[in-house]
Structures are given as C-alpha cells and as structure tokens.
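Pulled from Swiss-Prot, these are the features on record:
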- 6-28: disulfide bond (DISULFID)
- 13-34: disulfide bond (DISULFID)
- 18-35: disulfide bond (DISULFID)
C-alpha cells in the first residue's frame with residue numbers, strides 16, 4: 001500500500017498534518033499524511 005511506499009522513501013506517517021521541519025510527500029491513508037524530514 002501507500003504506507004510502505006512512504007517508508008521506502010524514508011518518510012513517516014502523521015495524523016492530519018506534518019510536524020514542523022518536515023515536508024508533505026504524499027498520503028498514507030485517508031487521514032494520515034506521508035511526511036519527510038528536511039535535511
């Protein structure tokens with residue numbers, strides 16, 4: 001699913017919004033966004 005795609009891109013899933021210093025890189029599920037840390 002999309003969740004494993006997120007982890008493969010070294011991202012993580014966050015509820016509704018991504019924490020600061022991260023970028024939205026997709027969706028994990030209906031309410032969870034895939035977030036990626038800014039390096």
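Glycine residues also receive a Cβ, built from the backbone N, Cα and C atoms like all the rest.
Since the structure is predicted, the reported quantities are computational estimates derived from the model, not experimental observations.
Projection of Swiss-Prot feature records onto the structure.
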residue	record	Cβ within 10 Å
6	disulfide bond	22
13	disulfide bond	18
18	disulfide bond	19
28	disulfide bond	21
34	disulfide bond	23
35	disulfide bond	21
Alpha-carbon spacing, residue 35 (disulfide bond) to residue 6 (disulfide bond), which is rounded to whole Å: 8
Candidate disulfide-bonded residues 6, 28, 34, pick with smallest Cα gap to residue 18 (disulfide bond): 34
Alpha-carbon spacing, residue 13 (disulfide bond) to residue 6 (disulfide bond), which is rounded to whole Å: 8
DSSP-derived structure type at residue 34 (disulfide bond), helix or strand or else coil: strand
Between residue 28 (disulfide bond) and residue 34 (disulfide bond), the C-alpha gap once rounded to whole angstrom: 5
